[in-house]
Amino acid sequence: MMTKETIVAQATPIGRGGVGILRVSGPLATEVAKAVVDKELKPRMANYLPFKDEDGTILDQGIALYFKSPNSFTGEDVVEFQGHGGQVVLDLLLKRILQVKGVRLARPGEFSEQAFLNDKLDLAQAEAIADLINASSEQAARSALKSLQGEFSKKINQLVDSVIYLRTYVEAAIDFPDEEIDFLADGKIEGHLNDLIGQLDKVRSEAKQGSILREGMKVVIAGRPNAGKSSLLNALAGREAAIVTDIAGTTRDVLREHIHIDGMPLHIIDTAGLRDATDEVERIGITRAWNEIEQADRVILMLDSTDPDSKDLDQAKAEFLSKLPGNIPVTIVRNKSDLSGEKESIEEQEGFTVIRLSAQTQQGVSLLREHLKQSMGYQTGTEGGFLARRRHLEALEHAAEHLQIGRVQLTQFHAGELLAEELRIVQDYLGEITGKFTSDDLLGNIFSSFCIGK
């Protein structure tokens, strides 16, 4: 979908720098080039030329590049002027370009939007551009690059292909009911459906990990009063973020700290001690604590290793786990190793990671840091996954829900028409991720968050 408009924007950050770039895209790009450099540019040839004002005055000199449609980032004719990075010089050159009739300033993200509309990128790849620019760690940058190269989109397209294949099979069974073989009951459709559910679950798990890399992992510290939750928050934050006393119930409200471990973002949340409180303010704090726990990506359950009654610790753990939603991962921390004599360590016990440490002396805290880093998907190699956004997770979640509904329609009600409709809905949700089925409002929200010039 080629636009009739020609847009221009500064592609390098505002301010002074060694190099400044102005990017022009649209049908008037070559006309702009002729107006500025007074020469017809050959595609993909670098030209070192003076950049001239309307009266012929030289504004700057630098490199002019021409990318002819469709072999450009946007799929349109694109011209770049690469000159000196002084903001005054760039503003003068921008003013000159805007004097060409029909050229206007680009909106934020409009170059990427044109690339999407011209099928140079799908929506997930376009979003990956912004994620690559904003990556806060090497791992996030590598994963964003994989998304930009189409890794995430490839997985989504494979799911869509599987859905289309299954839809075709189901609708054929509906259209030819008089065949000797009952295709809805022979087990093949159910087998394909179960395979599809498994494929989707795997992609959802990878997308969840990718979302954590992008947005950060929410870690809630929970446990009984005086277990050392606030001390652990301070140890992880590297500062006295929370008040620490020997008085049980000191923390009444939720405390939040945003930290980075090797560039990986974490949102650490300290909560009120969990117990049967009589004080109204403390009860409110405990309610808020549970609200945070239920929304966590991971929970650190703090236990006081100096408690002489091991059964009491086991009971505290059992009570907590019985109230916890089953899909939230838990790390158990046995605190106060400096007082109990336990050696700082990390091990797996009964399906949980158990870490022994002292939040007060910070002995063993490095073990917890490394564990949290690995939980976020940190990898020491060069290979990474892909980045995902919250809207991607929501679309995958909706798709999974409708696959489960479809399985019920097939196995319990033998309703092929209803299964076919659920598969159509699943295909639409998956299409939202790559932009095959996306509202204009959503597109506007996505691209408006980009930098101008991208």
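Cβ atoms here come from the backbone N, Cα and C positions, even for glycine.
Note that the structure is a prediction, hence the values are computed from the model and not measured.
These come from Swiss-Prot:
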BINDING   Arg23, Glu80, Lys120, Lys454  (6S)-5-formyl-5,6,7,8-tetrahydrofolate binding site
DOMAIN    216-377  domain 'TrmE-type G'
BINDING   226-231, 245-251, 270-273  GTP binding site
BINDING   Asn226, Thr245, Ile247, Thr250  K(+) binding site
BINDING   Ser230, Thr251  Mg(2+) binding site
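Feature map: Swiss-Prot annotations on the structure.
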| residue | record | DSSP class |
| --- | --- | --- |
| Arg23 | (6S)-5-formyl-5,6,7,8-tetrahydrofolate binding site | strand |
| Glu80 | (6S)-5-formyl-5,6,7,8-tetrahydrofolate binding site | strand |
| Lys120 | (6S)-5-formyl-5,6,7,8-tetrahydrofolate binding site | coil |
| Asn226 | GTP binding site | coil |
| Ala272 | GTP binding site | coil |
| Lys454 | (6S)-5-formyl-5,6,7,8-tetrahydrofolate binding site | coil |
Neighbourhood of Arg23 ((6S)-5-formyl-5,6,7,8-tetrahydrofolate binding site) by C-beta distance under 8 A, where only residues 6 or more apart in the same chain count: Val8, Ala9, Gln10, Ala11, Val78, Val79, Glu80, Phe111, Gly453
Cα-to-Cα gap, Ala272 (GTP binding site) vs Ser230 (Mg(2+) binding site), nearest whole Å: 9
Rounded Cα separation (Å) that holds between Lys120 ((6S)-5-formyl-5,6,7,8-tetrahydrofolate binding site) and Ser230 (Mg(2+) binding site): 50
Neighbouring C-beta atoms (10 Å sphere around the C-beta of Lys229 (GTP binding site)): 32
Predicted model, mean pLDDT over the domain 'TrmE-type G' (216-377): 88
Neighbour tally for Ala272 (GTP binding site), based on other Cβ positions within 10 Å of its Cβ: 27
Residues that sit under 8 angstroms from Lys454 ((6S)-5-formyl-5,6,7,8-tetrahydrofolate binding site) by C-beta distance, when 6+ apart in the chain: Ala11, Pro108, Gly109, Phe111, Ser112, Ile129, Ala130, Ile133
Least buried by Cβ count (within 10 Å) of the binding-site residues Asn226, Ser230: Asn226
Among Glu80, Lys120, the most crowded of the binding-site residues [Cβ within 10 Å]: Glu80
